[in-house]
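One structure is given below, encoded as structure tokens.
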Amino acid sequence: MAKHTANRSMGTVALRWQGDSLELLDQRLLPAEEHWIKAEGASGVAQCITDMVVRGAPAIGISAAYGVALAARHAGAGDWRAEVHKAIDELAQSRPTAVNLFWALERMKGVFERCESLAEATRQLAAEAVHIHEEDLAANLAMADHALEVMAPEKAMSVLTHCNTGALATGGYGTALGVIRRLHEEKLLSRVYADETRPWLQGSRLTAWELTRDNIPVTLNADGAAAAIMASGKVKWVVVGADRITANGDVANKIGTYNLAVLARHHKVGFMVVAPSSTVDMALASGQDIPIEERDGTEVREIRGIPLAPAGVEVFNPVFDVTPASLIDAIVTEKGAVRNPNITGMRALFA
Ligand SMILES: CSC[C@@H](O)[C@@H](O)C(=O)COP(=O)(O)O
């Protein structure tokens with residue numbers, strides 16, 4: 001599948017499966033503190049997803065899969081089937097937009113339903129979660145190959161990215177950030193402009209952290225600077241991830257992604273979405289059908305308890321937006337790229 005092997009350039013990890021427990025790097029505390037949390041059973045994993053200890057569509061799916069494995073491990077000998085199903089339902093409530101969560105839970109459910117004993121379920125579910133984790137890493141490496149074929153850069157160039165799509169958001173290496181890593185490895189990257197990504201600051205707290213750790217040249221910018229950066233001719237591509245891609249090629253991703261797609265089209269900058277096929281939801285016709293999570297207004301009103309706005313001011317805090325397919329130059333998955341996405345191109349790859 002991928003030309004590149006999994007053991008390169010992957011010091012940063014978001015989660016560690018210890019065979020009988022799941023540890024998550026608390027992304028709420030980065031970059032100030034590297035603190036690992038041991039998730040307490042499936043409920044603990046669900047809470048960590050809701051609270052954004054772990055975030056990013058693929059990492060959410062992988063964590064949920066380990067959550068199901070933990071549910072079997074902790075189930076009593078009595079009604080163990082009901083206990084695991086309850087855990088799956090609880091995990092499904094943790095966040096609504098990233099389809100990787102539901103994809104992973106469906107896959108775990110399929111394995112679970114074929115198990116005939118609790119001992120078998122405990123073994124098989126842990127093995128399946130590890131497969132999901134490993135496959136995600138392999139997919140990221142393959143996506144980077146496909147993305148470079150689409151970009152076909154002749155010399156080093158700069159790109160702009162949004163949110164965090166790196167090792168912290170995935171099983172390792174990253175989706176859009178994996179493409180950026182690969183450009184850097186091939187000496188085809190001049191610089192990454194990283195949107196800070198208000199309000200949760202995934203760009204400044206996580207992307208800038210990951211990139212500086214790996215000595216990849218990064219310039220952090222306020223989200224509002226993206227238009228000026230594109231107008232200056234400094235970037236050739238905007239490269240972003242996705243939380244859900246519908247059958248017509250519409251893409252839900254971190255709030256502010258749609259703004260970038262409009263700007264990129266205006267400035268004749270390429271716009272690329274990079275995501276594993278587990279992010280593709282062919283059951284939904286268009287982006288209008290995607291449930292968009294809204295989070296508490298406190299995330300906009302305050303930072304770590306420090307007020308940034310009048311107390312109690314009304315806030316609109318959708319954490320994702322939908323970029324229409326017509327503004328996207330390429331959607332890249334491990335199965336290949338869909339250029340100028342539409343329903344025909346999507347069906348050709350994902351039917
Ligand atoms: C490879 S991660 C892709 C997306 O999940 C990412 O761009 C994003 O929007 C993450 O949102 P988050 O709210 O941090 O989970």
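Using the three backbone atoms N, Cα and C, a Cβ is placed for every residue, glycine included.
Automatic prediction, not curation, is the source of TrEMBL annotations.
Of the residues proposed, Gln18, Gln202, the one TrEMBL records at the same substrate site as Arg55, Gly56, Ala57, Arg95, Asn253, Lys254 is Gln202.
A Cβ within 8 Å of the Cβ centre of Arg55, Gly56, Ala57, Arg95, Gln202, Asn253, Lys254, the residues given for substrate, is found for these other residues of the same chain: Ile60, Ala98, Cys163, Asn164, Thr165, Ala169, Gly241, Asp243, Val319, Phe320. Cys163 (site 'Transition state stabilizer') is 6 Å away from Lys254 (substrate binding site) when you measure Cα to Cα. Taking the Cβ of Asn253 (substrate binding site) as centre and 10 Å as the limit, one finds 29 other Cβ atoms among all the protein chains shown. Largest CA to CA distance in the substrate binding set (Arg55, Gly56, Ala57, Arg95, Gln202, Asn253, Lys254): 17 Å, whole number. Proximity to Cys163 (site 'Transition state stabilizer'), defined by a C-alpha to C-alpha distance within 10 angstroms, is shown by the following recorded positions from Arg55, Gly56, Ala57, Asp243: Gly56.
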